[in-house]
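K.L.:
Questions regarding the structure given below will be posed in turn.
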């Protein structure tokens, strides 16, 4: 019995030693001197040879009688049996727990080889806690002990712990083997870019340890750099070129890295180089699989080229017999489907003699990538084979539901799949299925159902959090996305680049700069900030939060850029008023770098050109558009329409619009309408709107908002009322922007009561709604109403800088000095709004209108910034109104400043003339007018216009070109006589000429607004209000005349000048003669 057992044990021991680097102790020493058994030996192979020789020597020794011989025989018998059961057998081991019990029972607890085997078994089975416990209890360890534990943590998704153990191993003085390096590098690879520094250190240790030419270490280095390094191909190629080339695994590793990085040309070049070499290497299934997957990231324009490449590869696969390989066949099916060659994908799928779930899933994934969700679901129904279904099948099916052309149909199919999964308990412990459900519901706009699925998931991984955060962001629930990110960081899950991209998108939408900065810090800590997609999201976030300089810092610190990077940077600069010109410089830098602009690039550049009114640059961009073959891209054409229109080239816009016949979309029509409105061509805009309706084009909220804003600017009440009526009849969905524009239109056209009705009926209001109504009240002299609305606004909306301009303006026109100053003081402290130049101008106007010139002068000295032309113009106007001649010095200073800042502005010369005329300095008035002529500046002619049923009638002071001029002048003379009876007396001080009183009265009597009033009276005898528009401010004489006329004719007269509205009724004005 003994003779039969000992050779058996020796055979297994020798067989294991011949293939392993593990160190076995001699049996006799194991019994008598355990303290010296476990020292690591220098050469594992020679050590194994020694133990084999010693065992053979023991077998050749003469038979030993007595206790020692029996002990040795029992030891060898037990040891050999354990080796046979747990190491040497090709069958699966009975289990780590069984080995641990036998070690304890037979007294081999301290045996190094068997202890390492025990650690290895626990680690491979995923029981890392017990593996670590056994490892810690080992009295002695060697490099193999550490390697087994490191390998287990890498295998079971704990790369950080694997890396930490490697550091401890090196610190303890144990030299790593090639297998140790392979395990720790796999841990670095799984950790991603943040473990690149450690991977580089391991690389250094490999070089020092002499393993730089070892195939195992080199292949692990190639894979690690491929996953962790941003310039991966540089490092990977350097390692590959220095490694032995006779190993197929090395070629496969570098081809796989190229495939993962989407560098298909490099992958195929390496494949050709391998075939042309004289190494005699033949590609295997892994080689073909990597080459096929390299086509997955193929850009759409090159799909046909890659499809041809796959056809050639398929021929070689058929010759090599690898189509029967499930991995290769499944990859081929998926690749053809992804490229849109669906017939070839299905044919390849049917050619496969062996098919599994991966094959069918690959076909369905390709269809999903081609946005053909319904086709993918049909494939699943047609196959109807339970053997071809696994949990990934349901994940793919759920992703197909999100790609249905009809979202409701996709949601309905997704719910059916959800019900099937629930009934069959297929998703109870499958995280991937739960993730698929969350993703499906989120993409089908059923975000609340996605939330419920997520909350009911027992286990969540990184993909789970990414799915719900991305879902919240895509469905506009930005606050919930940020809350989910915060919960994720509190838990154990670490963010990925997808997590950061979705979270930064939500920060951009909410303009949450501080939260975005915290996410940026998380990205830096995780080593993800240099990921090109994360960097793109960062520079967009900073741009949307108004931190353009920070966006530029992120952009220029990026180690590499893609087309999205350039487009994002140009877009951020194009949206910034202060950095707008720099967008052109970045675009030129992009072209110098050899980049080819796409539609997004051109849209951003055209937006920048239109904002800068650079028509020449717009034309150059147009030429580049034609050169790059995008001249018929509707989105680019729409941007060109806007660019030409905003640059004043409305003719070029019209030509382009005509050429777009057949390609126009809603945005094309709206761009053209907006172009007409921006250029003051409201009749043409209205004509185009009617053409839109006749052409069957649906008017959207943007159309209504654009036309209504044009009506507001032109004071075209009738046109605005028509658009309002048409919108009501069209039953367009309620929109807060359009309704706010209606409020603004009615208030600017003199119907503040209509504006109040629209405002009261609005189901929801935003800040623009409140600002429009407050501004309307202020413009119509209703300061009490404006301040009341301001108080109500604070219950639901936070006031902004525009709100305070309206509030301060209301106080200014009503003489509420104390209230206005109090609101100005509270802006920064109570409301967090920093005063801008417009607010300082309002305060200067407030003090100037009240005649508080000294206080105004003191306020000017306290201003934190240098006054601009607007402030000095306000000061000069205030000095013109005051009766204090001692303030001529301040008025003169304001005039000098205006001449320096705006020498081409005629208003400055007019105000200076008025200042001198108010104190009778006619020589100075003459000099001011002479200076105006010398500067070749012409004062805008004062004109007034009224809109009647037959169109718009315009009048200029003293003009007799109107067809009904004689009747107008005759009616005006009668009206002047009637108004004198009720107290009108010409205010000759408003005439800035050195003439006698009669001549001044004659000049004043022919002002354009008086002519317009007389015209309306001869045309209309009804009691409806009379509405007159004027391009300049109304003078004091006309204001008095209109006040008296309202009493004489018994009708309300609404006069809109360049500043505000005056409502005259029964001899009174809404401004209270304080304007």
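The backbone N, Cα and C atoms fix where each Cβ goes, glycine too.
Keep in mind that TrEMBL annotations are predicted by a computer and have not been checked by a curator.
The repeat 'PPR' annotation in TrEMBL covers 111-141, 142-176, 247-281, 461-495, 562-597, 665-699, 766-796, 800-835. The domain 'DYW' feature in TrEMBL is assigned to 983-1075.
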K.L.:
Which residues of the same chain, at least 6 past either end of the repeat 'PPR' (247-281), have a Cβ under 8 Å from a Cβ in it?
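P.N.:
That would be 215, 218-219, 222-223, 225-227, 232-233, 236-237, 240, 287, 290-291, 293-298, 306, 309.
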K.L.:
May I ask for the residues of the chain that lie six or more residues beyond the repeat 'PPR' (562-597) and have a Cβ under 8 Å from a Cβ within it?
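P.N.:
Distant Cβ neighbours of the repeat 'PPR' (562-597) are 532-533, 535-536, 539-540, 542-544, 546, 548, 551-552, 555, 604-605, 607-608, 611-612, 617, 624, 628.
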K.L.:
Treating G and I as helix alongside H, and B as strand alongside E, what does DSSP give for the domain 'DYW' (983-1075) in helix, strand and coil?
P.N.:
38 helix, 16 strand, 39 coil
K.L.:
On the DSSP side of things, how many residues of the repeat 'PPR' (247-281) fall into helix, strand and coil, could you say?
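P.N.:
So the counts come to 26 helix, 0 strand, 9 coil.
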